[in-house]
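> Here it is: the structure, laid out below.
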Amino acid sequence: MPQRTRGQDRFAFGTTATAGDLIFDLRALEIFVCVVECGSMTHAAQRLGLTQSGVSHAVATLEKSLGIALLDRRVRPIAATAGGRVLLDRAEVLLREARETAVRVRASSFQAVPRLRVAMADSVVSTVGPHLVTLLHQEAAQWSIWSGLSLNHIQSLAAREVDLILTSNARIDGTLYETHELFSEPYVVALPHTFGSSIENLRAIGEKLNLVRYSARSLTGQDIEQYLRRLRIEAAGRFEFDTSDAVLGMVAAGLGWAITTPFCILQSAAHIPRLRLEPLPVPRLRRTLFVAAHHDELSDLPLRIARATREIVETRCKPAISAWGGWVADEVRVPV
């Protein structure tokens with residue numbers, strides 16, 4: 001174990017860097033800053049999408065290269081030492097300048113980025129994704145578009161596994177990420193087309209049909225469960241799925257009812273002829289989708305993606321929704 005010399009933060013590591021040496025990389029600085037901000041190796045690892053041992057190793061390597069202790073590990077939360085505070089101030093400047101440099105270099109070329117990695121909510125990837133790439137294909141030499149559960153997308157963005165996300169996660173930290181609103185949509189009730197009873201309230205529906213749930217691992221599923229709890233409705237249900245296609249397929253087959261959204265329905269358009277759609281009784285529920293990216297890393301590309309997405313929703317998606325639900329399309333709102 002390295003030993004502290006008395007009265008100093010210097011470690012007895014042996015050889016230290018001489019003036020002019022490049023003794024750390026930007027990723028190590030980013031990890032160090034995150035540990036100080038989080039006050040914990042564990043929390044920093046979660047934010048960055050790394051292992052705790054990976055974070056600890058990066059900080060230890062940085063300390064070894066500088067020859068001083070940067071963190072006081074004896075206190076909780078972990079705090080920067082005097083030398084660590086000096087590095088923290090400089091690290092934030094260096095990281096900001098590095099990102100601005102990358103933006104300027106990319107902007108000087110015909111292709112803004114060599115590869116753009118985008119994670120989208122399942123209901124957006126098939127309804128908006130192809131049109132978005134068509135409009136903005138020149139912005140990147142290569143596009144990689146991922147779908148899956150939106151809860152995982154924030155972690156992927158934090159770990160820099162993706163460059164930006166299109167998500168309905170309203171708990172995005174605005175101090176960490178640049179965000180732009182895309183559109184909002186209502187939650188609606190989906191019933192089998194053979195269901196002939198009047199829709200007075202959700203309890204009445206639940207007495208006649210099982211609720212087909214979205215998985216609690218999804219943001220949509222969590223929104224719906226929180227909504228039902230607020231209304232103190234305990235809806236019986238035997239089925240739970242990750243995807244809208246599976247949920248709406250079960251409803252179309254007459255096996256239950258669901259709470260869903262217009263874009264989830266548009267994604268699974270094959271089931272529409274066998275569905276009956278009704279507005280949620282008051283109080284109603286909505287969700288808003290955003291684009292999010294790290295600050296100052298993609299120039300104005302997140303804003304241009306937001307504007308293109310809004311155009312697609314207005315000119316492509318809302319007309320398609322109107323074909324089977326004019327009142328539903330009217331409730332899809334796009335910011336001006």
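Quick reminder: no glycine exception, Cβ is built from N, Cα and C everywhere.
If you look up TrEMBL, you'll see 24-81 marked as domain 'HTH lysR-type'.
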> Compute the average pLDDT of the predicted model within the domain 'HTH lysR-type' (24-81).
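A mean pLDDT of 91 is what the model gives the domain 'HTH lysR-type' (24-81).
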> Looking only at the domain 'HTH lysR-type' (24-81), what are its DSSP counts of helix, strand and coil residues?
36 helix, 5 strand, 17 coil
